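Before any comments, here is the structure.
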Amino acid sequence: MAYFRLYAVLLAVASSVAAVKVNPLPAPRHISWGHSGPKPLSDVSLRTERDTDDSILTNAWNRAWETIVSLEWVPAGIEAPIPEFDEFPTSTPSASAAATRSKRANVPIQFVDVDVEDWDADLQHGVDESYTLDAKAGSDAIDITAKTVWGALHAFTTLQQLVISDGNGGLILEQPVHIKDAPLYPYRGLMVDTGRNFISVRKLHEQLDGMALSKLNVLHWHLDDTQSWPVHIDAYPEMTKDAYSARETYSHDDLRNVVAYARARGIRVIPEIDMPAHSASGWQQVDPDIVACANSWWSNDNWPLHTAVQPNPGQLDIINPKTYEVVQDVYEELSSIFTDDWFHVGGDEIQPNCYNFSTYVTEWFQEDPSRTYNDLMQHWVDKAVPIFRSVSDSRRLVMWEDVVLNTEHADDVPTDIVMQSWNNGLENINKLTERGYDVIVSSADFMYLDCGRGGYVTNDDRYNEQTNPDPDTPSFNYGGIGGSWCGPYKTWQRIYNYDFTLNLTNAQAKHVIGATAPLWSEQVDDVNISNLFWPRAAALAELVWSGNRDAKGNKRTTLFTQRILNFREYLLANGVMAATVVPKYCLQHPHACDLNYDQTVLH
């Protein structure tokens, strides 16, 4: 009986995909294939009802078509049943059907006809990204309809994965196809950190290329941190004295370049200046008095005295009035460069001991002994948030959840500020949505892409352990996290299987606007950034675009396997240096590397 149930599941899968080799990622919300046979493509031209010369749409189509032609893509990972079963039924038609196919195949696709309803919709949060794509039997055109240009761009990236080589120097769509598609969540992002280590503009472009192909639409750019300040500020050019070198800086032109490159691919860039914690470099060059504890020992070895969770310490002085003058100047200058309505202003990991080094803060506490660190955080919110809102009526702020949920928190944080949740998984998502905050999910236990690679702090005596102290219990060097605070490593399966709205009410679930996978860069630079983002970020991309469940509500992780393995090869073909995730044997032998023989084990 178990054998029959498993075979039935696989047969259902086989019947849905047997006709085609392609397996686009993220999987469209709805896709249906015809049966009349391959549709050849000639030199396909873009047609619209509007003059689109030099527009985002025209340029996007030109890139897509150039990619299609130059790659002559052949899918590398094809879905098939677990090896013990017979091969999938072939899509070979009867003789009469073959004759019909041959006749229809004589009409090559020559055009992509795009109908956009709202050409002027800006690339901001909540913009409509839906599209339909139709390639009908006997038609010489692919029809794309979209509410906005941004939806049409997604149609192009889907089409790129559908058109493949015919093996004889030509290009084909394997069958007529109809797609109706739209994202589950409006916010689908990656976070890059250029404060711990510098990332070149070239490598930022590479990440944006991968994001566009997988329909991720937000680059959260954590610009700086205590370790370095790489961003040129006209108002305070001395801030880049705390860049790692003159070469490792971003000019205004560099910032605009990244914003423009992203926008051309339907991706928003949301900058983050992390404040008031994680703030030494740059700020201290303007005035050392606006930074507390910058010259203290971070004191992990004597934790009760610690001033930071990692080297080096430094937090903006919340009580010093000049702090807010400098913050306003820096914030307004960067707001003029980054065009998105949203801006991330940090708010995480305040360390109370740091303010023992501030005369301003210690005197403030002495003035009123009833004051607490919660009052200090509220002072920051009350003084800083009006500055952050002042640049635009459409400005919306994002903060890390600590400002609300940390031991040291502000008691009154406006609920129109978006909270990015990184700690305690479902528990914190529940707390935030219950209070009415919109939430970006970045749970470290599922989505932190830097985790599980050991520690980086040096002179660490914990590694000096020659024998296993307790073979029955995992420890630091024996089966434990080995210095990575958020270990283990987050595999694509860990990311894809995250049900981050689990147990939320419908009202709470509506407050979850999407997710971002952060890659903190303590151990990341140009050499390995793409390997650490990709292809794992593609698991997040499908999770927030079309979900991890099928129409019956069952987890579809086993069906996603070949899709992500194939997509890794597609990323490489497009110049995105994605990491190896399996022996190539697994790619070429679908499900032969599964842990569980039962393909329904995740349902």
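Counting starts with 1 at the first residue shown.
Using the three backbone atoms N, Cα and C, a Cβ is placed for every residue, glycine included.
Feature annotation from Swiss-Prot assigns signal peptide to 1-19; the stated evidence is sequence analysis.
Its own atom aside, the Cβ of D225 (active site, charge relay system) has 29 Cβ atoms within 10 angstroms in the protein chains shown. The active site, charge relay system annotation in Swiss-Prot covers D225 (among others) and is backed by similarity to another entry.
For H278 (active site, charge relay system), the same-chain residues that are 6 or more apart in sequence and have a Cβ closer than 8 Å to its Cβ are G195, D225, T226, G314, Q315, G346, D348, E349. Summarising the annotation, Swiss-Prot assigns active site, charge relay system to H278 (among others).
According to Swiss-Prot, the disulfide bond annotation covers C293-C354 (among others). Contacts of C293 (disulfide bond) defined by a Cβ separation under 8 A and a same-chain sequence distance of 6+ are given as T307, A308, P313, G314, Q315, Q351, N353, C354, Y355, N356, F357, S358, in order along the sequence. Under DSSP, C293 (disulfide bond) is assigned to coil, being neither helix nor strand in the three-state scheme.
DSSP gives V309 (site 'Important determinant of glycosidic bond specificity') a coil state; it is part of no helix or strand. Around V309 (site 'Important determinant of glycosidic bond specificity'), the same-chain residues at least 6 positions away in sequence with a Cβ under 8 Å from its Cβ are N300, E349, Q351. The site 'Important determinant of glycosidic bond specificity' annotation in Swiss-Prot covers V309.
In the shown protein chains, 16 other C-beta atoms lie within 10 A of the C-beta of E349 (active site, charge relay system). DSSP classifies E349 (active site, charge relay system) as coil under the three-state reduction. As annotated by Swiss-Prot, active site, charge relay system applies to E349 (among others), with the evidence given as similarity to another entry.
What Swiss-Prot records for N356 (among others) is N-linked glycosylation site, and it gives sequence analysis as the kind of evidence. Every protein chain considered, the tally of other Cβ atoms within 10 Å of the Cβ of N356 (N-linked glycosylation site) stands at 15.
According to Swiss-Prot, the feature disulfide bond maps to C451-C486 (among others), an assignment based on similarity to another entry. Taking a C-beta cut-off of under 8 Å and a sequence gap of six or more, C486 (disulfide bond) has these contacts in its own chain: A444, D445, Y448, D450, C451, G452. According to DSSP, C486 (disulfide bond) is assigned to coil rather than to any helix or strand.
What Swiss-Prot records for W485 is site 'Essential for chitooligosaccharide substrate binding'. For W485 (site 'Essential for chitooligosaccharide substrate binding'), the same-chain residues that are 6 or more apart in sequence and have a Cβ closer than 8 Å to its Cβ are C451, G455.
Counting every protein chain shown, the number of other Cβ atoms lying within 10 Å of the Cβ of N503 (N-linked glycosylation site) is 10. In the three-state DSSP reading, N503 (N-linked glycosylation site) counts as coil. Positions annotated as N-linked glycosylation site by Swiss-Prot, on the basis of sequence analysis: N503 (among others).
What Swiss-Prot lists as N-linked glycosylation site is N528 (among others), and the listing cites sequence analysis. Secondary structure from DSSP puts N528 (N-linked glycosylation site) in coil. Residue environment of N528 (N-linked glycosylation site) contains 16 other Cβ atoms, counted within 10 Å of its Cβ in all protein chains.
What Swiss-Prot lists as disulfide bond is C586-C593 (among others). For C586 (disulfide bond), the same-chain residues lying six or more positions away in sequence with a CB closer than 8 A to its CB are L565, A592, C593. C586 (disulfide bond) carries a helical DSSP state (H, G or I).
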Cβ atoms other than its own within 10 Å of the Cβ of C354 (disulfide bond), all chains, total 26
I'd like to know which of these disulfide-bonded residues, C451, C593, is least surrounded, judged by other CB atoms within 10 A.
C593
